[in-house]
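Colleague: According to TrEMBL, the feature domain 'ABC transmembrane type-1' maps to A:195-389. Look at TrEMBL and you will find A:32-53, A:87-107, A:114-131, A:137-153, A:165-185, A:191-219, A:240-258, A:264-283, A:340-358, A:370-387 tagged as transmembrane segment.
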């Protein structure tokens, strides 16, 4: 480097890497300015980012009037759910928090990250001014529950079994609590709304489509021609038509097909439609998993004398399903996003609430605020799902064998 | 057990008969359930004094559709209204597919850029638009963007393009007396170019001498267009420019906010999926292929065109096909903003006539046909690009 090196110094000197590959400058040179074309791209991108950021930040902090969101916050979350029965929703949330906490303590990994996100969400809600003080109390309790679950979980005897059972009974329990079914004062499904309804429809559709999808997939791969073609017809027809027509059918045709005097509530009808629709897609995912298995697995199961049911349950399905977990999660995400379509057939899910809130003369013209808020809610949930799916994929080593 | 020699397996344990019995049972269950449901439906309809039939389609529609590719008046029949809806569905799907592919490929390649910033921007775009529901995005475009634009009088103007809350007015083509001749000669030119290209390429391969097939093809196309100009003495079409009239823009072509909202929504959303597919396809080409091409001294643009692209396209086509199908099906969300697509027209007809079963059946049939046509076309394309195995 310097030309006036003394002889003894030049012996000691070891060559350093050229300056241009080190530090911030090196990184910039390598990643942003490694060619003339890339330098132009970088400058253009910086300009684009600058204008978009400047525009959105000014809008969020000065132009936008968030009162439309903060004043209707409860509506967005639970819709018209009877106010003095809200403790039931909170209890359900508490139960879910407990399960998250326990699972986070036991299994660590992805579920722990999700629990942290959940806790952060609760924390944000305890800080913001527009949540009522009762709400804040419940949120604080929920945070405590997650933490308690996290620390107790690993120390509890048989904690894994308890937690798994908890997850299994959670859904019926929540439906029971929310509806009342005679034990508590009834809250009819037609006043369920907001994020609560969105989540319920997606969970029902995803859970319900799973067994139907597996049956359809087995039917499609079966050797019995009538069953096979029945399943193929069902799957292909459903996959060929848009979800909205399925919802129209559910809303208009289900009542038509039922015997006189027998009625199903429109929330349930939509849930049936969503389940039957997702089942066709689920079936194709499961079929993909079945096809990915080697013939040897089927033959080995037969060779050790398992009957068809047992070989399916213990040999084939566990492997087939494991191979398609990413696809199944992807399907769940798209179902979750597609629940917005129920707003078109008149339900008041999160998007439906947004439409009604917007129609309130007090908040005329506040379109962007409302939509950006609900888009953010959808985004957080969908992104957490896709994040955990990616993590799960890695930890299961799918596609690495 | 004692008499073993003349025992035949009882039929309920015979492996050949059980499946048949099972299937018969299945058919019976399906028939009984289906019959029960259909019987209910017929009874219900009979109570309302209706019969199932498609005769109502000849009745007068008497609702207006502002956006139609073919002539349509409220006095026309339901049949024609449905046809207008189908054409509108096809219109938004085809244009959407084209734009989604362009943006998707662009973003997918950007995602693999060596430029860190470009890569991150592309990733951000994908994560944001992929994880929010399409319907919310369409609502944002429609209610929060296009309807909030200034009135016609104060429209945002760039050259001859005007953007207002009535949509976008753009210059458009208008057929003139020479258009037919232009089109005929253009088609002839294409055919000529293609045949010449194949012929020259073939003779180049057999003779081993350069025959410039590409130059020949372009040359013949240009020649036919020059002939068209000489014959007609005018351009292929006149361009009309939108001019602000009393109430709205006149001349040119106006894209309604409904159409723009649904088109941009579909394009931006589907492009994220296509981008991920393109990225996956390019990554799936093994590194050795590129290195081998580099070792042969092929320049990088040619590597992309002749080595990476033909291999990536095989991986890309099947999932992209299903994205095209998704886009077509998602165009049914147009009903939410009032773009007169098939579902919108179908729903209006259904509400006016009460013919639920028939209309839902028509919608299903049309979408199934569209899906079949698309997958048939893409399968054909897919076969052409697959490896020819020896």
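Glycine is no exception: its Cβ is also placed from the backbone N, Cα and C atoms.
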Colleague: So, taking each listed stretch (A:114-131, A:137-153, A:191-219) in turn and counting its Cβ pairs to the transmembrane segment (A:165-185) that are under 8 angstroms, which one gives the highest count?
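Modeller: Per the Cβ count, the answer is A:191-219.
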Colleague: Mind checking which residues reach the transmembrane segment (A:240-258)? Cβ under 8 Å, same chain, six or more beyond either end.
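Modeller: Same-chain contacts beyond the ends: 264, 266, 269-270, 272-274, 276-277, 338, 341-342, 344-346.
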Colleague: Could you tell me what the rest of the chain brings near the transmembrane segment (A:87-107), counting residues at least six beyond its ends with Cβ under 8 Å?
Modeller: 78, 81, 114-116, 118, 122, 138, 141-143, 145-154, 156, 159-160, 162-163, 166-167, 170, 173-174, 177-178, 180, 184, 187, 196
